[in-house]
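A short write-up of the structure that comes next.
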Amino acid sequence: MPLSETGTDRAATSAALDVRSLLVWGLLAGLLGGVLAFGFAEAFGEPSVDTAISLEEQGGAAEHSHDDGAAAGHSHGEEGAEEEVVSRSFQSTGGLAIGTVVYGLGLGGLFGLAFAFAYGRLGTASPRGTAVAVLGIGYTAVVLVPFLTYPANPPAVGRGETIGERTGLFFGMVGISLVLALVAVFVGRKLAQRLDGWTAVLVAGLGYLVLVTVAAKLLPDFQEVPDGFPGATLWEFRIASLGTSAVLWAGIGIGFAALLHRGLTRAR
Amino acid sequence: MTTHAVATPVPVPVSIPVRQILPYALFVGIISLIALYFVGAEQGALAVFDGTYVHELVHDARHLLGFPCH
Ligand SMILES: [Zn+2]
């Protein structure tokens, strides 16, 4: 990364971009995104999670008393305490922080890699422009479209018997969406050689939307919101979920772009 | 050299050769995906380790990041 006097700007740009620094910037941006996402999730996500868990426990308490028969009133509390591997208060604070930061670091590393592949291969996009493009394509393909197909569910929503199927289909949808997005990028690059860039991007983007919508419609859907689960809580949770991912991705993308820009201008 | 220091408005982006990215892609890609897996799915529908500790620890993050949990 450190540059001595090389000739042109062009050389400076290429020499300054080695994969290793991109990955370091990706991880740093991932850390930033993870911390910001934790803050957002704690403030806007936890209230609906808590509401959902208390609803779940009310339902669960009734079931337990049926199962156990004897000492119905106490059994739930005792059992709950025994089974509680991680306390609820730590789950909603430290556990949430660990989860979002570990996830942020992983995603940040992948973001750095994706940028390494994308840079110089998306027309004449500038370094920061490329980072924003990776951010937009990534968030749409990996978060938004899978979310619209299989929305996030709070505790108490979703039947235990279908968890395997739902997990498989969710990851399947992420995979399908990501592959279609990559195909759209390749097609868009090809089209840009014949059409102007604007039209090429529009055609490729529209193609992605049509195909991914067809795929989403063909996959089975699940209506597993229990009767009486408050719609407001579900809405609040889902918006908070979408927001948590948005903050995470924006933190990574913008943080990465800033580190990248600093690294490139410093090297000059 | 006649053309000298005419500030190029847009430096032409020079891509990094794929061959140069691949070793990093393998290494970092695998580690990153493992991190995402542990937050997103471990001890849910799939499990590498016994028990429920990982699931319980990252439980709220898993829900709020949009993964099916239970
Ligand atoms: Zn859960």
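Cβ atoms here come from the backbone N, Cα and C positions, even for glycine.
Curation plays no part in TrEMBL annotations; they are all automatic predictions.
These numbers come from a predicted model, not from an experiment.
The compositional bias 'Basic and acidic residues' feature in TrEMBL is assigned to A:63-79.
The region 'Disordered' annotation in TrEMBL covers A:58-85.
Look at TrEMBL and you will find A:21-41 (among others) tagged as transmembrane segment.
Per TrEMBL, the feature transmembrane segment maps to A:96-119 (among others). With a cut-off of 8 Å between Cβ atoms, the residues of this chain six or more beyond the transmembrane segment (A:96-119) that come close are 17, 19, 22-35, 37-38, 41-42, 46, 127, 130-131, 133-135, 138, 244, 248-249, 251-253, 256, 260.
If you look up TrEMBL, you'll see A:131-149 (among others) marked as transmembrane segment.
Beyond its flanks by at least six residues, the transmembrane segment (A:169-188) meets 122, 137, 140-142, 145-146, 149-150, 200-201, 203-205, 207-208, 211-212, 215-216, 219-220 of its own chain at Cβ-Cβ distances under 8 Å. Among the features that TrEMBL reports, transmembrane segment is placed at A:169-188 (among others).
The annotation transmembrane segment is assigned in TrEMBL to A:200-219 (among others).
Same-chain neighbours of the transmembrane segment (A:239-260): 22, 25-26, 28-30, 32-37, 39-41, 44-45, 48, 100, 103-104, 107-108, 111-112, 115, 127-128, 131-132, 134-135, 138-139, 143-144, 147, 151-152, counting only residues six or more beyond its ends whose CB sits under 8 Å from a CB of the stretch. The feature transmembrane segment is assigned by TrEMBL to A:239-260 (among others).
Taking residue pairs at least 6 apart in sequence, the transmembrane segment (A:21-41) and the transmembrane segment (A:131-149) share fewer than three C-beta contacts under 8 angstroms.
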